[in-house]
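Colleague: This structure is in structure tokens; I'll ask about it shortly.
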Amino acid sequence: MPVCQLHGAAVTTVEGIGSTKTRLHPVQERIAKAHGSQCGFCTPGMVMSIYTLLRNKPQPTMEEIRETLGGNLCRCTGYRPIIDGYRTFCEVISSFISGFLHAVGESLEPFRKLLPLDPTQELIFPPELILEERATQTFRGERMTWISPISLDELLQLKSQHPQAPVVMGNTNLGLDIKFKGVVHPIIISGFRVRELFEVTEKPEGVCIGAGSSLSTVRSVLEKCVCSLPAEHTQTLAALLEQLSHVAGEQIRNVATLGGNVASAYPNSDLNPVLAAGNADHLCVIPEGKREVPLDKDFFVGFGKTVLKPDEIVLSVFIPVSRKGEVVRAFRHAPRKENALATVNAGLRVWFEEGSNVVKEMSVYYGGVGPCTVSAERTVQQVIGRPWNEATLSDAYRALVDEVTLGASAPGGKVMFRRSLTLSLLFRFYLHVLQHLKDTVRPPSVTCSVLWSACPTSSSPDVPSGQSEQDPVGRAVQHQAALSHATGEAVYCDDFPRTQGELFLSVVTSARAHARITHIDVSRALSMPGVVDVFTADDIPGKKFRSFTGIDEEILAQGEVTCVGQMVCAVVADTKPHAKLASAAVKVHYEDLPDRIFTVEEAVEKRSFFLPQREIQRGDVTKAFQEADHIYEGEIRLGGQEHFYMETQSMLVIPLGEEKEMKVYASTQHPTMVQEAVAETLGIPSSRVSCHVKRIGGAFGGKLSKTSILASITALAAWRSERPVRCVLDRGEDMLITGARHPVLGKYKVGFMSDGRITAADVRYYANAGHTPDDSVIEKILLHMDNAYNILNLRGQSAACKTNLPSNTAFRGFGVPQTPWCSAGQLKREKNLYKETSLTHYKMEFDPEVLLRCWEECKERSELDRRRLDVARFNQQNRWKKRGIALIPLKYGVGFAEGFLNQAAALVHIYKDGSVLVSHGGTEMGQGIHTKVQQVASRELDVPLSMIHISETSTSSVPNTCPSAASIGTDVNGMAVKDACQTLYKSLEPIRKQDPNGTWQSWCMCVCVSIRGHDLYMDWVKQEGRPYAYFTYSACCSEVELDCLTGEYRTVRTDLVADIGRSINPAIDIGQIEGAFMQGLGLYTMEELKFSPSGVLYTRGPGQYKIPAVCDVPLQFNGVGEPTVFLGCSVFFALKEAVAAARSDAGLSGPFTLHSPATPERACIACGTRFTQMIPETETAQPWALELP
């Protein structure tokens, strides 16, 4: 939303509705009490979305809550606790509250004391703004002028004077071009205050809606019309309503406009195909007069182009009512069910001769299969004048295959899938019309599934009987910062106020994948307003590289670049916009180098590997293969995954001006690494650098290595300028620079007996590491390759492939999601589980008793045997919908294989007033480590939680910290705090004995305690070791329903059981369970990283890269324990079973390929329906995107 457009508006922020200092708003309180906030970065957005809903409807339905949150994203929680908190605003809540509180072991009292929602106490619109005089407004910036007229005549005059100036309403299209594509418009005209653009007129022949009306307004108008008109007149209106329910999210629909949707002529527009099929037209005006322009096949002339003249303005859109015998429907397919641009959409209309099934008139329009909305005219001609039956439509399908074509390199890719969707959607329309002819009924205005048919439940162990009420360990204590998250008071790195003289840094990245840098021209950048400095690797006074896994990575490229997105130099300016503009003005001249490598196959062919390569083996694999009854060989691919933490890479470096001291505030999981990197880069001792972390807005492994490099660059800018410097990456920059989860190619050979027992397995793993090794996962991949299965003859080899892509890095699970994945799909799982005390393939002994208990409990809870029969029955009864169900186990090793990383330190202060300050080496990033540490300290010191405070993580308080990673942070830091508190408490014992009636305030001490964790190791020469402190075990059963025509699926139910041990805080652990599962669901079924053939990352933002949203949560979610991301693959294998059922109906049998992520594209093509089989092979040409790994 442009700030200029807000002139005269009353803006309410999350800080404005309530605070911890005054009074909380019920919306803020309930998300906190329901444990709906983890890292907290997305929480203000959730709060304000529901606040807006409640201002309009104080007692919403669950469907309205779900729809309102559809435009919000969260990477931590899995959404369930957020919905739980806001479910309490619905009319019927008592049964939910009882169920939820029983699940987390809480009493009813906190929820009985919820703040009531009182609409009479809400803020009112300021009267002075109502009385403000209306007048044309003009705002002038450095490069753009914004003009906001108040009359249609003035708007037309301005457009006539400046025909190339865009008219902006919601700014949902132009704003993206300005921000991400660098488009500059010297003059922008806003029609937001022109009343004529918002007029709505209902007529007997249709409804005329002002072009400036928001899509939310359009939806309200159409709902009113559908309710008031006869059913036969509502076909087009109902079809538009159906599409509007899926267009973007509520926030975007509130500002995006009907006229903007039409005039922008975006090829994926969901409304234009329906408007065109429904014979809509619009009224255009110019200073000389008005004209009506039909919205038909001739209106769209190219990408973003229409027949409108440069000085014309769309005044209104007229939508006619449907006629008797007319049927109109709209369909769409998108990467995510909601809040995603359509891959393909369609608007279809058919009009029958009265009293027959003979087609009199027909329109078919598609979006997403060309540069603009496409009319399938030749296809229509195959149908007109003929009866509506299978023979007629068969001819139409053949015509459509020839008429709607896409080249192999068509933008957006998915060529075969998109073409098959045009057929599938036409077939869906055929079925719908058959039903209409058979039994004409009033069409529903909008249909949408209800979120969660049953209340999701998560159970946790009860606290032991006899435990003191004051002892918080094991209780569902609210996250210590939850209220600060909900009120916007929580401080993140970029929230620190600007200091005097502060500068902003922007990095310049490589535009080539493999090239020699011949010259860097910074002259133009240095001459631009506000620019203070531009520096390169030559200006680094200390080490010019950082060492990860024994291999150096340059801080700034020196002489050669090896991937697109590698940092080349940095620009420092007085503001972020100035720094961004100047960085774009830096000209880097290249000389391309040969032999670019992007894929694993290319790396294997050219032997492009990082060392070391690893191998591990037990048993006689060769002999076991000879004795096996059957041998099966194949390969499976797992794509990468973007971390997509809500807070991008952020840091602020302040030079203290004395003794070369530098203070670094960073969003990092590893403060010590940042401290060391800055010190080495500047050539100063580490004691001169302190790194501070208040909290992190999500990390998942993505804020380790690259954060230290970015902090080093920012520190160098502060060092050179002697002024504070801030660096905050935009989402696109962050995704381009920081890398992702390693894509992996697994090639396997499995020997098994006729009864399903696996007797031998040989697997080779190739991880696409990118241009540097960073945090390579190849060792952990091999250590977890057995997963929960006892395969006596097992061999694994792994290699990190060196390619010309951004270096991939650590991600939640760190290699585990890529490992047992390869074997899980090939096994009769239960028959091959570890059954008794056993040795792993690296000779570590363990007892699988808990694993088997998790398996059996999950099997029982999920009613697996009964539901398998139900699934088989469902698949027999449904041709185009199929279900699948899968149960997956997991054995997960906790800790670092390098012993020195499994340690922590803590510093505990007790002050005279009895308050306690705890410092430890872990960083709070949503996992609740600070809350759990407070609980530990409370138990050990026997003081209330309210007396214990954790301010930040700082290398000044606790030195030489280890990273918060590998699921070990709470283990080691909690134990360090426990030891420190016990030491303090013991030292106070003599005082307590001498003065048993003394006060806590009389005790004042300070003690620092360091704890060394488990001595873990792995000897790769001997192929044995103890790389993990212990294992956690889990099992997960998921059932899905697949639409074979489009590949869309819905997770019907998920049951999850895991070994959680003795939970310190079950509410936080349950949140981690669900968040990890949803992240895994995204990894295995929807999240795709796409690179161009030249190595440029296409998917650089939420518009192109889709993470799971509220609409993707399982309809029924039952869980206990703390699983890892890997269990999301239960959805993948359930999908694979559903695909197998579809293939059986299509006459296809035997093994088939389904790589991960199992996107709708892959699932649909794997189903092998007659529509996918009708699409001919595309010509040999360079594809739009690389096929990774």
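Every residue, even glycine, has its Cβ placed from backbone N, Cα and C.
Annotation source TrEMBL lists [2Fe-2S] cluster binding site at C39, C42, C74, C76. As annotated by TrEMBL, domain 'FAD-binding PCMH-type' applies to 139-324. Taken from TrEMBL, the feature FAD binding site covers V167, V168, M169, G170, N171, T172, N173, L174, D270, R332. Residues annotated as Mo-molybdopterin binding site in TrEMBL: Q669, F700, R812, A966. Residues annotated as substrate binding site in TrEMBL: F814. The active site, proton acceptor annotation in TrEMBL covers E1122.
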Colleague: Quick check: of the binding-site residues listed here (C74, C76, Q669, F700, R812), which one has the Cα closest to that of N171 (FAD binding site)?
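Modeller: Going through C74, C76, Q669, F700, R812 one by one, the closest to N171 (FAD binding site) is C74.
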Colleague: Looking at the binding-site residues listed here (C74, C76, F700, R812), whose Cα lies nearest to that of N173 (FAD binding site)?
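Modeller: Nearest in space to N173 (FAD binding site), counting only the binding-site residues, is C74.
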Colleague: Out of the binding-site residues listed (V167, M169, Q669, F700), which are within 10 Å of C76 ([2Fe-2S] cluster binding site), Cα to Cα?
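Modeller: Within 10 Å Cα-Cα: F700.
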Colleague: Cα of Q669 (Mo-molybdopterin binding site) to Cα of the residue listed as 'substrate binding site': how many Å, rounded?
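Modeller: For Q669 (Mo-molybdopterin binding site) versus the residue listed as 'substrate binding site', the Cα atoms are 14 Å apart.
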Colleague: Can you tell which of the binding-site residues M169, F700, R812, F814, A966 lies nearest to C39 ([2Fe-2S] cluster binding site) in space, using Cα positions?
Modeller: F700
Colleague: Across all protein chains in the structure, which of the binding-site residues C39, M169, A966 has the highest Cβ count within 10 Å?
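Modeller: Of the binding-site residues C39, M169, A966, the most buried by Cβ count within 10 Å is C39.
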Colleague: Within the same chain, and leaving aside C39, C42, C74, C76, name every residue whose CB is within 8 angstroms of the centroid of the CB atoms belonging to the recorded [2Fe-2S] cluster site, in sequence order.
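Modeller: Along the chain, the qualifying residues are S37, Q38, G40, F41, T43, R75, T77, M646, G697, G698, G926, G1075.
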Colleague: Closest to C74 ([2Fe-2S] cluster binding site): which of the binding-site residues V167, R812, F814, A966, going by Cα position?
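Modeller: Of all the candidates listed, R812 is nearest in space.
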Colleague: 10 Å Cβ neighbour count around F700 (Mo-molybdopterin binding site)?
Modeller: 28
Colleague: Which one is it: of the binding-site residues F700, R812, F814, whose Cα lies the shortest distance from the Cα of M169 (FAD binding site)?
Modeller: F700
Colleague: Based on Cα coordinates, which of the following binding-site residues are within 10 Å of F814 (substrate binding site): C42, V167, D270, A966?
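Modeller: Correct set: A966.
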Colleague: What binding-site residues in the list V167, D270, F700, R812, A966 lie within 10 angstroms of C42 ([2Fe-2S] cluster binding site), counting C-alpha atoms?
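Modeller: Hits: none.
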Colleague: Specify the nearest of the binding-site residues F700, R812, A966 to V167 (FAD binding site), where nearness means the distance between Cα atoms.
Modeller: F700
Colleague: For the FAD site made of V167, V168, M169, G170, N171, T172, N173, L174, D270, R332, how many Å separate the two farthest Cα atoms?
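Modeller: Of all Cα pairs among the recorded FAD binders, the widest measures 28 Å.
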Colleague: May I ask for the distance between F700 (Mo-molybdopterin binding site) and D270 (FAD binding site), taken between their Cα atoms and rounded to an integer number of Å?
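Modeller: Checking the Cα atoms of F700 (Mo-molybdopterin binding site) and D270 (FAD binding site) gives a distance of 35 Å.
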Colleague: Looking only at Cβ atoms, how many others are within 10 Å of the one on R812 (Mo-molybdopterin binding site)?
Modeller: 24
Colleague: Between the Cα atoms of R812 (Mo-molybdopterin binding site) and D270 (FAD binding site), what distance do you get, rounded to the nearest Å?
Modeller: 36
Colleague: Just to verify a number: CA distance, A966 (Mo-molybdopterin binding site) to D270 (FAD binding site), in angstrom, no decimals.
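Modeller: That separation, Cα to Cα, works out to 43 Å.
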Colleague: Just to confirm: which same-chain residues, 6+ apart in sequence, have a Cβ under 8 Å from the Cβ of D270 (FAD binding site)?
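Modeller: Looking at Cβ-Cβ distances below 8 Å from D270 (FAD binding site), excluding near sequence neighbours, one finds Q243, L244, H246, V247, A330, R332, A342, N345, G367.
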Colleague: Give the residue from the binding-site residues N171, N173, Q669 that has the most other Cβ atoms within 10 Å of its Cβ, counting over every protein chain displayed.
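Modeller: By the 10 Å Cβ neighbour count, Q669 comes out on top.
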